[in-house]
């Protein structure tokens with residue numbers, strides 16, 4: 001069964017253009033082609049990256065965050081309540097209105113206090129600023145290394161400057177060691193992101209991030225097996241270019257350096273929109289869809305790679321809409337809005353409103369007392385029995 005599945009999966013019709021078989025891709029002493037088994041190395045390398053990340057965050061990023069004054073504001077703690085804690089951990093972290101009313105009756109508490117308890121409990125589970133800072137530092141370090149590694153590997157490659165060169169001699173394009181290690185580095189990093197998803201900061205586009213990681217891993221893996229390495233290297237360099245500006249923007253945002261953060265955000269927005277909405281469609285999508293047809297007829301691998309690239313492009317459009325909205329707000333307000341992807345901390349709005357109402361009430365009471373006292377003082381020379389208070393508040397002289 002496993003053998004039959006393996007034979008079906010690796011049919012040359014799936015991976016290679018018409019007229020090319022796996023026999024044509026046999027290696028020799030001087031010529032090496034990508035082998036699918038090479039991708040298995042990405043798993044242990046991803047685990048190594050996870051270990052390196054943990055050491056980096058603990059030994060470098062976390063002490064750096066402390067020195068730079070990156071810390072959370074004090075969060076009010078939820079009072080211990082076993083019944084609410086059980087509901088929170090087993091059923092829902094954000095109960096509906098009916099559930100809040102039921103819990104309030106069971107705990108003999110006002111509904112607002114139960115709602116406030118869940119709000120504070122959710123805030124307690126949210127990641128701290130130092131954690132976000134450490135994660136951004138790690139990604140920034142990797143993207144810088146990866147981007148300049150990609151430039152160093154590709155600067156003398158003809159397909160970086162002439163995109164038609166991506167298909168010259170395809171698929172019999174020998175694999176160079178530098179390209180292999182560059183591919184392995186990128187694939188291992190995205191596997192490491194998948195491994196750490198349960199522990200990383202969860203943002204509002206968490207589902208889109210999962211789709212992005214899955215599409216990227218499939219794209220890198222399939223492009224390697226089908227020897228789409230030249231087009232794959234272009235995809236990776238284009239993506240790393242804008243990510244190099246995204247992470248330092250987050251870092252300075254956590255440090256409260258508003259002007260630096262705003263400047264980097266505008267640079268990141270320009271690089272992202274140009275690279276993902278202009279360069280990527282022309283350099284990659286148009287290249288794989290149109291230029292490749294000059295060399296071979298469409299086959300399964302052609303459609304599959306283009307489908308994955310289109311998924312990436314749809315994600316680019318989704319994130320571009322968020323970025324354009326933030327840029328629009330920045331132009332109107334003169335300051336950058338909070339990251340719309342972030343799962344921001346909930347404020348105790350009800351408590352704030354109650355405090356405001358209490359202050360207003362106290363102010364009205366104080367004002368009423370003062371005015372009544374002043375009135376009595378002004379009229380203290382008159383005998384009280386000579387004045388009659390009417391129901392409308394006026395005073396009638398007898």
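Note: Cβ is positioned from N, Cα and C throughout, glycine not excepted.
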Among 224-243, 244-263, 264-283, where does TrEMBL put the label transmembrane segment?
264-283
Quick test of your reading of TrEMBL: among 96-115, 116-135, 136-155, 156-175, where does it put transmembrane segment?
136-155
Check each of the ranges 180-199, 200-219, 340-359 against TrEMBL and return the one annotated as transmembrane segment.
180-199
If we skip the immediate neighbours and take only residues 6+ beyond the ends of the transmembrane segment (264-283), which ones have a Cβ under 8 Å from one of its Cβ atoms?
163, 234-235, 238-239, 241-242, 245-246, 248-249, 252, 312-313, 316-317, 319-320, 323-324, 326-327, 330, 336
Who are the long-range neighbours of the transmembrane segment (136-155) in its own chain, taking Cβ under 8 Å and residues 6 or more past its ends?
53, 56-57, 60-61, 64-65, 178-179, 182, 185-186, 189, 233-234, 236-237, 240-241, 243-244, 247-248, 250-251, 254
